[in-house]
Every structure is written in structure tokens, then in C-alpha cells.
Amino acid sequence: MTSLIRSNSWGSFVQTITSSSNRLYIGWFGLLVFPLLSLATVAYITAFFLAPAVDIDGIREPVAGSLIYGNNIISGAVIPSSNAIGVHFYPLWESLGLDEWLYNGGTYQFVVFHFFLGVCGWMGREWEFSYRLGMRPWIFVAFSAPIAAAAAVFIIYPIGQGSFSDGMPLGIQGTFNFMLVFQAEHKILMHPFHILGVAGVFGGSLFSAMHGSLVSSSLLAETAGSESLNNGYVFGQEDETYSISAAHAYFGRLIFQYASFNNSRSLHFFLAAWPVIGIWFTSLGVATMAFNLNGFNFNQSILDESGHYINSWADILNRADLGIEVMHERNAHNFPLDLA
């Protein structure tokens, strides 16, 4: 009798977890996703408001990132783990107590690891839900692009640089600081993979805007002229709601014939693939720069017939990068050895 009750309870639990008719699909991955993301969110908000200063450079000069220490929404951040910790895994039980753990930035690792595992689980949950519904797996493939970006920035880059103190601070101003320092140290703007990522993101935005405007402009009229086109649409209807041939003809004449798609599947695959591939490349670029395989440096690359270099915009950019680099962690650097 007891085993029967346990069997029924387990079956009911499995049915609840894996049912695709729930208002919110849970899934087996969801058992990991929701606790992990909840812990990361609570820890982040708490640290953003209340965390003490963190000795990010490992030189006993702590940096405050929480609101209680006078920061605002723009300047506030969860400060990365101390350079004294390096790339060591630093849970609470590895410290002498909570005060030391907070001082060394243990909160940063806590938030980053729980968040990253949570979004990886979310990607698995997307695959699982698609599988339950008999759908193809392209949704989770597309979501792999931001997962790859998160892995590159939060995991691979700090490991490649030898310390989680080089990770991106979890705040608005901290993000921009990370970007400027990344450019100064790695010449990311001159890296081909970053250029492909920019083309992917901005190109994807352009293509999405073009597609949305074309669809909205070629809706099939099912109503009288005095009525809204929306009144002729029934949610979930099998009939097409817009004329792809009309949109194709318009765009083909606006640009040239072969610039448009006359196949809906090809069109939407292109809209999905373009930004995803671009972000994949950017993530790969950040992962390579983590190990100092940097972007191009054209400093002093133009020479006259006597062998003297001629200043160019590349030299101006290089000088700006050097200025940013010596301003960064200025108390930890030994000027001018950092410029060598």
C-alpha cells in the first residue's frame, strides 16, 4: 500500500513537472533553473544595496559598489572578486568567515556562477519544452548565442586573464569601464570577430525592422475600408495574415530583385541565423582575447622612404588605449612599466 502511494505521488509529480499544458512549463531543467536564478537575483539585489567594499586589486584598497556606500543606480555594481583570490573557486566555506568572504568579493562568484548555470538550464528547458511539443530545436540553438557571450565574458575571460578580478562588474558604469579597459588591453574594436558581431547585432536589428514594417504594410484586408484591419484577424487562424508575394515584390523593386525573399521559411531562418552567428563570432573573439590573442595593432605602421613613421589615426587610437590603461587600476600599476 505504501509503495503504491509513493508510486502515485511520484507519477503525479512527474506529470506536473513535464506537462506541456501548464500555464508555466517547468520541466526537469526547470527544477534547476528557478532555484538558481532566484538565488542569483536575491544575492545580486542584496549586494547591490548592502555589500561592503571589495579589495578588487588585492592591494588593501577596497572599492565600494553598493548603494549604502553612496553609489547610485548608474555607479552601483557588484564588484568582482579580489585579485588575491585569482581564479580559485571561492565559496563561503573557503573563507574564515562572512566578513572575509564579502571583503574578497565572494558575492561576485556566487552571483555569476548561479546566474550562468541558471541560464544554461534555461536553454535546456527551451529544448525540453520544444521536444514535448514536437517542435524543432532552433529556439534553444538561437539562445545559445547569449549563453556563449555570457560564458566568454564571465567565465572564460577571467580564467584566461588569471583572476576573476578582471571579470565584468555587475553594474551599468562597471560595464562601460569593462568595455573601455577591454579595448585598451586587447584592441577589440580591431578584431575581425568583433566586427562580425557588430554586423550581426546591427544587421539583425535592421532586418527585423524591415521585416516587421513590410509585414505590417502588406496585411490582407478582410474588412471594409472604414474598419480596422485588425478586426478581420482571428487569433490562431490558419489562413495567412499578410501577402509575402506583395512584400517580396515591393522590396525587390525598392532595392533589386534578389535582395528579397519569396520563401517564408528561408526568410525567417535568415532573420534568426544572422544575429546568432554574429554573436557566436563575438563570443569566440572575446574567448581568444582572454588569452591575449588580440585585435590588430597598426601603431607606427606607416613609414616614409627614410624609415621614419608617419602618424595616423591608428596611432591616435593607440595613444588613447595607453591612456585608458594607465588610468585603470592606477594604484596597482607601475608606471611606466605598464606601457612596455
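Cβ atoms are placed via backbone N, Cα and C, with glycine included.
His211 is the only one of His211, His308 that Swiss-Prot places in the quinone site (with Ser260, Phe261). Your range for transmembrane segment, going by Swiss-Prot and the list 114-129, 242-257, is 114-129. Within the set 83-104, 193-214, the record from Swiss-Prot flags 193-214 under the feature transmembrane segment.
Among the stretches 25-42, 138-152, 193-214, 270-284, the one making the largest number of Cβ pairs under 8 Å with the transmembrane segment (114-129) is 25-42.
For Phe261 (quinone binding site), the same-chain residues that are 6 or more apart in sequence and have a Cβ closer than 8 Å to its Cβ are Ile244, His248, Leu267, Phe270.
Taking the C-alpha positions, the distance from Ser260 (quinone binding site) to His328 ([CaMn4O5] cluster binding site) comes to 48 Å. The binding-site residues near Tyr157 (site 'Tyrosine radical intermediate'), taking a 10 angstroms Cα-Cα threshold over the set Asp166, His211, His328, are Asp166. Take His211, Ser260, Phe261, the residues named in the record as contacts for quinone: the widest Cα to Cα gap among them comes to 10 Å. Taking Cβ-Cβ distances under 8 Å and a sequence separation of 6 or more, the neighbours of Glu185 ([CaMn4O5] cluster binding site) in its chain are Asn294, Asp321, Glu325.
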